[in-house]
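Chemist: Sharing a structure here in structure tokens format.
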């Protein structure tokens, strides 16, 4: 088959923001104006197309990243609508990994909020070009210019308005296009009767001021334009568009647009900007991966290149198990056999589909730059590479944060026992931040995730989708352990009891790893002191030993083990013996390497009336909080702090009583930090049953 849409006309974009900034409504309007849906869906009525899970429609929030394909101005736009709630950060993270551009939506009243900063950091991590849409210009208190300044100051972005609003709140009637220097006035409620006119006199001066900022910003990106500008010549609209496109794709400029998705204003102009300024797949750097020989290679966004694609999401639905893929290069065809190079397993592509929310459209192939889903892959999980079996490559996987909260779950009846394990397996396949383990002492099943809402939604899904009734315990903090010193340790496993014995011996250097690195293993064996076939079992033993630390039995993270020496026996050595030796080396080494307890720290942002600021700061300090910043805006005080999760249970109730119900707060995971000695002693004693 030939390509129906040239790759230069494809846009893979995400819509991301803080909760309640209006992302899903913006997506709905995009689908309406591009003709995918013929009736506008509303989040608050539970009719949004991209919110297809029952919980999403009930709660009015987006939980999973829904992928949808639409067309605009003879371009194919693949859109991912991502959640804004911090508990579902992994959904945003995996979307960023496979997108070429982002629309960051900001509320014109709330402005830059904590999750806005998280989304921005995630986009920075994957170097995703972006533009900003300042939404809800019709709301009381809307202030486009305040939010513009916040984007520049708090996000340190070179943000440049390419539009300014005409009026705000009830008086928001149109938009000035600063590139074309024309006004667009909305004459109806549907946003379809748009009148292009000269710029009204009351905003003419402001428009000239911001047009000058735009021209200066784009002129700086191109020597020829700089010269033209310095000589006093006028830049044409076409020259500005071309330079702005290159500057947006390179990440040096962030164009700012405005509108009101709910009131149907500004969406067509936003779609035009996606086509004009966000990149096609071949305009972003080619994806890099590792070949079997360890060398790095790239796969260009070209149908003729060998197939390379990344599984970025697993989803169970009535149609079966869907594996969402981004195809970076080559063609993925129905009926073909492919290689999961991450697991070194071959799989068959039985069916391929693209999504329009509830509608699944079967296709024969996905080409370079496409987003779609495969039905029925058995071994593929999130972050795995799917590639051509004759040209294997492993792409960089996804960054998955450690879970911060856990609860014990148990089936209510005997009939629920098998169903519970099946449900937990399916849900953990879908969501890499959802971990399932069994407490070795109590034999209870423990589930861990990114927050209370995250676990609440998953327990709810067990009941709805898998018909499992479960009792859920109290939330527990997901502590971790690590080491502070570099040491050498050995593990020697010898067993002689007549007949064939067991012999495995390894020597390792154990040292602290980089934050967020988990467990890292390196082999520096030379001369065959440990045969090649025993290195992998030794590594596996070490990994398994890291599942329970020596202080309080919490998982060991951010450690690096280097295999430097060892010995073997021609007859008695086996994979099992080296696996046990690896485990022994870690356990012995950790005791000597100054082990410490780590706890999850949360980034907390509290907004309260000015009068209550003293109470709030005092309360956060009493919770072992570190105050990181304060601000004042229109009678409301904002406090930014880092607080241990262990101290934040029940905070919502306490804060409401301290502020007479007038305060709001948001909380998201920041990082793991060492627990103070006196607190750690209590936690360790409790884990050992002394308290």
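Along the chain as shown, residues are numbered 1 onward.
Including glycine, each Cβ sits where the backbone N, Cα and C put it.
Quick paste of what Swiss-Prot says about this protein:
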DOMAIN    8-282  domain 'tr-type G'
BINDING   17-24, 81-85, 135-138  GTP binding site
Chemist: What count of other C-beta atoms do you get within 10 angstroms of the C-beta of residue 137 (GTP binding site), across all chains shown?
Modeler: 27
Chemist: If you count Cβ atoms within 10 Å of the Cβ of residue 17 (GTP binding site), leaving out that atom itself, what do you get?
Modeler: 28
Chemist: 10 Å Cβ neighbour count around residue 23 (GTP binding site)?
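Modeler: A count of 29.
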Chemist: Mean pLDDT for the domain 'tr-type G' (8-282), rounded to an integer?
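Modeler: Its mean pLDDT is 85.
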Chemist: For a quick check of packing: other C-beta atoms within 10 Å of the C-beta of residue 20 (GTP binding site), how many?
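Modeler: Counting Cβ neighbours of residue 20 (GTP binding site) within 10 Å gives 17.
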